[in-house]
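Swiss-Prot annotations:
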ACT_SITE  D67  active site, proton acceptor
ACT_SITE  N136  active site, for ring-opening step
ACT_SITE  H138  active site, proton acceptor
ACT_SITE  E143  active site, for ring-opening step
Amino acid sequence: MNVITCRHYEELSEKAASIIAETVKQKPDAVLGLATGGTPEGVYKELVRMHRSEGLSFRNVTTINLDEYAGLSPEDKNSYHYYMNTHFFAHIDSRKDRHFLPDGRADDLDAECGRYDRLIQTLGGADIQLLGIGHNGHIGFNEPGTPFESRTHVVELNEETRQANARYFPSIDQVPVKALTMGIGTILSGKRILIMASGKSKAQAVKQLLDGRISEAFPASALHAHPDVTVLIDEKAAGGD
């Protein structure tokens, strides 16, 4: 693992964006594996700035997202479809038909997971996969105990994860109880992985990730089996004040 420590969140976001931008410049038809949540927001903001100010084009890029809530329509403001459109897709020159996310409204969620995983395999996996990390080491919605060889699947969201995401919803009761997520094996099929952590609240998870012990009890530890992982953290996530 290559660990890069940045001074603060803004620098962290700029560094992550520069790595993704370099991937696109080297391979204009790159497959970008994307994540949602608070941590990547600054990355998308910087990529949009680079598109507008520096001419970075996403015209030939394909995107695949990690996950989506079950039961939410793409127009729902809490769906990850809506998040991606709001923070990124609506502001760049990419093609709408090249953005792929799991369909949380599918009649058969298990079949949808199989379809999505086959799509990712057909695309050859992500050229670069962006990840965040949960306090318990979850990546995507892969909670502790998820097999490392898992493929895209339906997951029951545990109480800790629902509480962590409750700030985006009017109440905890409205947080979905299920989601569709790339499995750990699917994530590991990416050619390069970029995992980000920001803030003191993520310091313990970062410490556990970097101590090198591999266990399904800490999903992010699976990344030690991947040959090209960059860990981007700010000073607070590194354990500093």
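The backbone N, Cα and C atoms fix where each Cβ goes, and this holds for glycine too.
Positions of Swiss-Prot features highlighted on the structure.
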| residue | record | Cβ contacts under 8 Å, 6 or more apart |
| --- | --- | --- |
| D67 | active site, proton acceptor | T36, Y80, P102, G140, F141, A179, L180, T181, M182 |
| N136 | active site, for ring-opening step | E143, P144, E160, A205, F218 |
| H138 | active site, proton acceptor | P144, T161, P219, A220 |
Conformational class of D67 (active site, proton acceptor) under the three-state DSSP mapping: strand
